[in-house]
Ligand SMILES: Nc1ncnc2c1ncn2[C@@H]1O[C@H](COP(=O)(O)OP(=O)(O)OP(=O)(O)O)[C@@H](O)[C@H]1O
């Protein structure tokens with residue numbers, strides 16, 4: 001099928017007339033004759049009309065507001081529509097608003113098939129593919145597709161048919177030969193096609209694509225646009241933003257919508273652009289690419305007044321004078337498409353989107369099971385989150401074991417052991433927290449895309465990441481603890497070891513949750529600065545440098561809010577509490593007296609103002625902190641997902 005697309009790309013794109021106007025583009029033969037994606041249910045085409053659609057942003061306190069765009073327009077089904085304009089014209093903003101991604105600050109009407117848009121229903125029939133490819137790089141093309149199919153296809157499509165659907169889509173998009181390739185190793189064009197393939201699984205009626213050709217070479221650009229054309233010819237409404245296309249590529253679009261400074265300069269058939277320019281008194285020079293010329297006009301290169309003339313000429317998008325004869329064209333196209341696919345297109349087909357009242361295609365349980373499978377594959381292959389994390393725990397464990405060799409049962413080395421306990425605490429906190437801060441913002445991007453396109457609910461996503469993190473954290477923590485505990489000769493009692501390990505796991509999980517909070521709210525750069533900085537007060541209040549009894553009165557609240565304090569107190573309790581017997585004191589080299597200050601553990605506990613019997617309470621409090629933090633990440637994530645919109 002790659003051949004088909006390549007063939008289509010090479011097919012005659014319509015000849016250009018002497019005045020630069022495009023002659024009717026010859027339909028790409030390969031596309032017109034190929035029978036593609038017949039498995040997909042045929043659904044009522046969608047027309048989107050928008051009136052007085054405006055988006056206003058606040059410029060900050062007492063700085064007033066700024067209107068970014070105010071436009072009108074109509075996008076018809078079975079058409080490939082290009083939104084064009086200079087940088088900053090408002091193309092992405094318009095796409096964000098029309099797709100329903102941006103909702104706050106938006107006024108005006110969006111009508112879908114003549115009825116006011118119901119955003120939930122609209123989202124069930126559309127998809128939005130943003131500019132950056134947000135894909136799971138560790139999964140192969142096939143795995144990405146299979147898991148997406150499980151999430152996006154309802155029970156009405158039997159599982160046995162999933163592979164046939166996937167094969168068809170991959171075949172159409174020229175990705176069949178790359179099905180075993182990991183996504184991270186695909187080229188830019190292949191990634192773009194995979195992004196489209198993933199959204200095609202549930203046959204959206206409307207597809208919004210933000211700059212799908214940016215970063216692609218001319219051949220990949222041509223393939224991508226041909227593919228979009230093919231999808232439009234199947235009855236979908238395909239709207240995409242594009243930067244200055246070549247003349248031949250421009251001809252591929254059925255309809256163009258030109259924006260400048262948030263207003264519409266032209267909307268109508270691609271072929272009517274040149275006549276329109278002549279009508280408004282800015283004729284396109286001979287042998288000039290109309291796409292280039294209109295962008296020059298939109299940039300104001302031919303005079304600022306021309307922009308106003310063009311906005312008036314199209315009545316800011318209200319005028320439909322330059323449209324193709326829509327009803328005839330669409331009806332004809334649908335008939336020929338029906339003939340081609342050997343199906344009967346009924347005038348009023350029931351839309352899947354209407355039948356399925358839930359936002360997601362599959363049940364909550366199914367979403368979790370698919371997300372767990374996907375997470376498991378990623379964990380198995382992840383070099384940083386799994387392999388390196390385990391390796392670092394082993395290496396640091398060994399280093400600490402060597403440095404604090406046999407310090408745990410030695411009365412003369414209690415202070416060394418105290419240092420070791422604090423170091424272990426910081427190790428658990430920093431490694432997990434920073435790893436999450438560095439990796440979660442990337443996950444957030446994927447979550448944003450998949451959640452908006454209704455792959456799964458936030459609830460199932462959040463539950464799955466909570467479950468997935470547990471085994472890795474527990475294994476890494478246990479390996480580290482066993483190494484350090486044995487090498488530093490801590491008391492060999494199951495209860496003490498159990499409490500020690502329990503405290504370690506809870507500290508790891510709390511630190512991870514703090515990382516999630518920071519990673520969800522801030523970028524990698526800000527998070528990398530904020531997370532360690534915010535951890536300093538936690539360390540300060542842990543009771544290590546300044547003992548709890550020496551804290552000034554006005555800071556006495558501090559240790560109560562520091563989870564590290566409960567961690568340290570729990571460690572000390574597990575090692576020196578539980579009525580630990582007198583410690584042995586070896587002769588100290590270089591000292592001529594045998595005074596051993598911390599021979600009695602109670603003496604040490606008294607000096608650091610910690611109660612050795614508080615470890616059960618510490619476990620409980622850490623558990624409560626973990627629960628509260630985990631529960632508060634969910635609404636924050638939710639807020640973050642919707643805040644940008
Ligand atoms: N929150 C905001 N505050 C102030 N200005 C904003 C805000 N959001 C968008 N803008 C402005 O709105 C204009 C349109 O932005 P948009 O990203 O839609 O442009 P674009 O046409 O897609 O540009 P490009 O092709 O470069 O991506 C820009 O001038 C941008 O600076």
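Cβ coordinates come from backbone N, Cα and C, glycine included.
What TrEMBL records for 48-286 is domain 'ABC transporter'.
If you look at the transmembrane segment (390-408), the same-chain residues 6 or more away from its ends with a CB under 8 A from one of its CBs are 416-417, 419-420, 423-424, 427, 431, 475-477, 479-491, 575. The transmembrane segment annotation in TrEMBL covers 390-408 (among others).
Per TrEMBL, transmembrane segment is recorded for 420-440 (among others).
Distant neighbours of the transmembrane segment (461-487): 367-368, 371-372, 375-376, 379, 385-386, 389-390, 393-394, 396-398, 400-402, 404-406, 408, 420, 424, 427-428, 432, 447, 451, 497, 500-501, 504-505, 508-509, 512, 630, 633-634, 637; these residues of the same chain sit at least 6 beyond its ends, with a Cβ under 8 Å from one of its Cβ atoms. The feature transmembrane segment is assigned by TrEMBL to 461-487 (among others).
Annotation source TrEMBL lists transmembrane segment at 499-522 (among others). If one looks beyond the transmembrane segment (499-522) by at least 6 residues along the same chain, the residues whose Cβ comes under 8 Å of a Cβ in the stretch are 424-425, 428-430, 432-441, 443-444, 469-470, 473-474, 476-478, 480-481, 485, 490, 530-531, 534-535, 563-564, 566-567, 570-571, 573-575, 615, 618-619, 622-623, 625-626, 629-630, 632-633, 636-637, 640.
Taking Cβ pairs closer than 8 Å, the transmembrane segment (529-548) reaches residues 418, 422, 425-426, 429-430, 433-434, 437, 514-515, 518, 522, 555, 558-559, 561-565, 567-569, 607-610 in its own chain, all 6 or more past its ends. For 529-548 (among others), the entry in TrEMBL reads transmembrane segment.
If you look up TrEMBL, you'll see 614-637 (among others) marked as transmembrane segment.
On the 0 to 100 pLDDT scale, the domain 'ABC transporter' (48-286) averages 89 in this prediction.
For the transmembrane segment (614-637), the residues of the chain that approach it from at least six positions outside its boundaries are 447, 458-459, 462, 466, 499, 502-503, 506-507, 509-510, 513-514, 516-517, 520-521, 563, 566-567, 569-570, 573-574, 577-578, judged by C-beta separation under 8 angstroms.
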